[in-house]
Amino acid sequence: MGSMEVVGEDVQPRSYWRCSKQDFLPEESFQNWSTYRAALSQTGHRFKNRLLSRSNDNDEIRELRKQSENDMKRCLTWWDLIWFGFGSVIGAGIFVLTGQETHKHAGPAIVLSYVASGISAMLSVFCYTEFSVEVPVAGGAFAYLRIELGDFVAFITAGNILLESIVGSAAVARAWTSYFTTLLNRPSNSLRIHTNLAEGFNLLDPIAVAVLAVAATIAMISTRKTSYLNWIASAVNNVIILFVIVAAFVHAKPSNLKPFFPFGAKGVFQAAAIVYFAYGGFDNIATMAEETKNPSRDIPLGLLGSMTIITVVYCLMALSLPMMQKYTDIDPNAAYSVAFQSVGMTWAKYLVALGALKGMTTVLLVGTLGQARYITHIARAHMIPPWFALVHPKTGTPINATVLIAISSGCIAFFSSLDVLASLLSVSTLFIFMMMAVALLVRRYYVREITPQQHLWKLASFLLIIIASSMGTSAYWGLNPNGWVGYVVTVPLWFFGTLAMAVFLPQQRSPKVWGVPLVPWLPSLSIATNIFLMGSLGPEAFERFGICTVVMLIYYVFFGLHATYDMAHKQDTPESLKVDGGNIREKAEP
């Protein structure tokens, strides 16, 4: 697949290295100020069209891929995907979050927090696996939601994916610098440049920028070579984690587990909402479906296999820490290092720092791969300029999209400590995972032009009951964690809403190869757990989430809406969209 242009009578391939207005704004609405003003005057009509429109499997798998002009290379197997799972998920989170939450919220019951968040993560993994097998494209959650819930919902998801990708990469890069200084036995901010800027922006971090640049360069050169490097780094990291687990249990004292619930059930779930993000990153595997040799076999093995092993490893690490050191004595900033020091293994802190450093390196490497593929597919749909959708003909990688991620993350990592944005990432991730479960239920129970209208209304009603009851449970937990009356109402509502969907609605579609078991129960439980974990976060997280959503909507109204509308109607442009004196005349739709 390639792009051609006519020069005289010769047809020549277009250069990948090009940069013109048509590459960034090829849509009819942006050809000049007159067409743009005319497009803005049609905002209401266009918004309604995009709100109700939905893509389909064929468009996402075949038609949109033509926007990239070249195909990505199919070079990955299930073995690569399992190691990408390790590399994408196991980072510094397990070392940092375990100590913090054991000390502050959960105590020895931190292992139950990891069990709860692991179950929630596995439910989301089930949903991702079915979609990525059925729709093997680079767009991941964005493509899946565009098919089942429509263009507008997909855009909100795309905005959150971009936010999560850019800010998340910057946060990991900043943490990389901190652990590197620990490995050198230097103060945490000694390698940063101290300035007189505002608090939170006054420590400039050139090392974080350099690390992001190196990860992006490797990802741009070759997906296959990135996989080899990830194998090596992940193997080293796993050996270190295995040592930490074994050494911790050798020095364990069962008496340290008492009391097991010092902060009660509320503390366990508060911690679960935070440590959930130690499981984050598995969605990057779904974006590699276009580069997988046999998606129907390799993706389920890669996703489910890696996440099952990771969940067991996390629970063992979470159990070993409070057994080695009393939860009240755990240092929330350097938990494992101080714990090993307390049992006479002072040298082990360097091994812990090396493990965290290796973990963050693979998280950045695999994250850059996955995020660039998200960007590529979002650009294919013209929600951002299609220049970012281009795939290089020789490397088979989306270089432009990778550069966008690297530059954006680098700018934020250089200036910001990102403390303010950490909780925002939590809301974004949980929101995307919750919407994925909703989309899976829609996919199973609704097929356009086949499902009767009355079944559609029933589906919408049952989904509303499931979501509303889940929100009610989460809200009641936050307002009155020791109460029980509210649950008597909300939990049965969720149960009967799910039961009604199972009994009164026939499934309209069966998965071709691999499907989520126990539908609608598991997707419905995924909706409930993700909303519950969202409710365990502080109000500041939702305030910032709301502000970012408003910014996304402003962008959508002035750019994204019109670009995607023109993209969807480009085949009808000569008849249905004509410029006449600066006004766009639209053919009435049937």
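For all residues, glycine too, the Cβ spot is worked out from N, Cα and C.
Among the residue ranges 188-208, 356-376, the one that TrEMBL annotates as transmembrane segment is 356-376. When each of 152-176, 484-506, 544-561 is checked for Cβ pairs under 8 Å to the transmembrane segment (455-478), 484-506 comes out on top. Against the transmembrane segment (152-176), stretch 356-376 shows more Cβ pairs under 8 Å than any other of 228-248, 356-376, 544-561. For the domain 'Cationic amino acid transporter C-terminal' (514-563), DSSP puts the residue distribution at 40 helix, 0 strand, 10 coil. Non-local neighbours of the transmembrane segment (260-279) in the same chain are 89, 91, 93-94, 97-98, 100-102, 104-110, 112-114, 116-118, 120-121, 307, 310-311, 314, 318, 327, 425-426, 429-430, 477, 481-482, 532-534, 536-537; each lies 6+ residues outside the stretch with a CB under 8 Å from one of its CB atoms.
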